[in-house]
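Report on the structure given below.
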Amino acid sequence: MAFPQPRPQAPQLPQHLWRTVDCQQGAVRAVRFNADGNYLLTCGSDKSLKLWSVSRGTLLKTYSGHGYEVLDADGSYDNSQLCSCSSDKTVILWDVASGQVTRKLRGHAGKVNCVQFNEEATVMLSGSIDGTVRCWDTRSRRMEPIQILDESQDGISSLKVSEHELLTGSVDGRVRRYDLRMGQLQVDYIGSPITCVCFSRDGQCTLSSSLDSTVRLLDKSTGEMLGEYSGHVNKGYKLDCCLTDKDTHVLSCSEDGHVYYWDLVEGSLTLKLPVGKAVVQSLSFHPTEPRLLTSMEGRVQVWGAEPEDAAENES
């Protein structure tokens, strides 16, 4: 006789506040998990980049070298390097251990909104209000980009790299997907200025948020709209969106002090997580666990799917 299949467990959503970190670096413009989720990066309006332990909420290192507020950052897969970008028009490559600037790259004509390593951390990609994405070789000493992508009609607000693909979101209302290996470009017209883009974890879809207070899920290869998610407020700020670690839910920051969770398939609002009374500007989802980082004003919140003492007892 056949045993009935076990029912799949309902996905766990981070909704229990584990800790709040007072970052003491002005407004936190972006918060990011590192590649393995053990550390977090905060980008401050006071020109600093900070590295923290997620489990303890303790400050490990401060990186100083930008001339104006830091807007985005990323960590290399082996945790040896960081990259960051700033309103000072520069991109900086950092040595994690020493805290020293390895390279400071100039070339953008305006503030740099977003930066990310490729998978091997051999290339940094930066997107700017000047409408270009610049690709920088992290291993060479040359100060010029190895490639400039200038198809956007307005500023680049967000970019994500996955293997040989690059996804960009622009104020011109378009999501662009570059196949860097094949030299191909696919453009999806959304219409409203894009604030954030990302790939789904399975690589089949793209997610974008825009200033019409809507998050959209598109089929990556066809551009077909698979889902629209709304209810949050995104009218004046560059806010983050993302998918959970298992692609079951769509998340977005909101200007009303909440993080919104929608069921990816149903499109229905699953959870409206109260963070505080101000704008939730940035979020980051753990690569493998149901954990979430949010930033509001000068603080970062770490959220888990269950109360922290219960999680510690299990581990």
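Using the three backbone atoms N, Cα and C, a Cβ is placed for every residue, glycine included.
Annotated in Swiss-Prot:
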- 23-62: repeat 'WD 1' (REPEAT)
- 65-104: repeat 'WD 2' (REPEAT)
- 107-146: repeat 'WD 3' (REPEAT)
- 151-188: repeat 'WD 4' (REPEAT)
- 189-228: repeat 'WD 5' (REPEAT)
- 233-272: repeat 'WD 6' (REPEAT)
- 275-313: repeat 'WD 7' (REPEAT)
Outside the repeat 'WD 6' (233-272), six or more residues from its ends: residues with CB under 8 Å to it: 11, 13, 15, 30, 113, 157-158, 195-196, 198, 200-202, 207-215, 217, 227, 278-290, 292, 294, 296
Positions whose Cβ lies under 8 angstroms from the repeat 'WD 7' (275-313), at least six residues beyond its ends: 11-33, 35-37, 40, 42, 52, 54, 57, 237-240, 242-245, 251, 253-255, 257-259
Intrachain residues whose Cβ lies under 8 Å of the repeat 'WD 4' (151-188), provided they are six or more past its termini: 110, 113-119, 125-133, 194-199, 203, 206, 208, 210, 218, 220, 223, 238
